[in-house]
Amino acid sequence: MLICIPEVLSKQQVAFFRAAMDRAAWEDGRATAGSQSSLVKNNLQLPQAGDVARELGEHVLEALAQSSMFVSAALPHKIFPPLFNRYGVGHDFGLHVDNAIRGIPGTPIRIRTDLSCTLFLSEADEYDGGELVIEDRVGQQEVKLPAGDLVLYPSTSLHLVKGVTRGERIASFFWMQSMIRDNVARALLFDLDQAIQSLTTRLGAGDPACVKMSGVYHNLIRTWAEA
Ligand SMILES: O=C(O)CCC(=O)C(=O)O
Ligand SMILES: [Fe+2]
């Protein structure tokens with residue numbers, strides 16, 4: 001399931017990111033690509049170990065932790081330090097699947113990529129093309145979101161970024177290992193959490209049925225989670 005999460009970053013935060021990225025040096029995106037994806041990857045990235053990527057990546061992680069919708073949808077266990085990419089005219093990223101396991105450089109930590117994520121940092125009218133096309137069981141879905149919004153999709157999906165034909169598409173992208181490995185189980189928990197929140201708004205957090213449903217939610221996590 002593909003989930004769009006609005007306003008993870010405010011427009012003011014996006015402007016701060018973009019100013020910092022304008023001043024930075026960029027490198028070939030193939031620096032972090034696996035062997036299959038490097039054949040089709042044609043974009044630029046901020047160097048993974050550079051100060052700008054590290055500082056902005058920290059801000060992304062802080063914003064994610066504050067987004068209750070992101071936490072509910074992803075149930076993150078380990079998040080790869082966010083990377084930043086840029087597609088100018090003629091850049092694209094052909095059909096690929098993300099590497100299943102990613103080591104965090106300089107640490108012994110390895111992440112199983114359950115979920116892939118793009119956080120858009122350009123407004124949709126700043127560029128033509130550049131849609132993220134995600135294949136899942138119901139077919140292809142094209143995603144192009146306002147700056148500050150994020151899309152979350154199963155890392156099992158083949159995906160591509162269409163060629164940019166005008167302007168520049170700038171984004172942050174990263175992967176995470178979820179506490180809930182199974183996509184179906186995670187989607188059920190997300191639906192349940194949303195329903196509980198809506199019932200709680202109408203009936204109050206102390207309503208006995210809401211309390212019981214919250215218990216069911218947490219007990220399902222207790223049953224399924226790897227933490
Ligand atoms: O730029 C994007 O939205 C996705 C990038 C991507 O698929 C990747 O780096 O593996
Ligand atoms: Fe990818």
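Backbone N, Cα and C define each Cβ position, glycine as well.
When TrEMBL records H96, D98 as binding Fe cation, the matching candidate from H159, H218 it lists for that site is H159. The binding-site residues H96, H159, R169 differ in how many other CB atoms lie within 10 Å of their CB, and the one with the most is R169. Separating the Cα atoms of D98 (Fe cation binding site) and R169 (2-oxoglutarate binding site) is a whole-number distance of 20 Å. When DSSP labels each residue, the domain 'Fe2OG dioxygenase' (78-178) comes out as 3 helix, 59 strand, 39 coil, counted as helix, strand and coil in that order. Summary of the Fe cation site environment: with the site residues H96, D98, H159 set aside, the chain residues having Cβ atoms within 8 Å of the Cβ mean position are S37, F93, L95, V97, S116, S155, S157, L158, L160.
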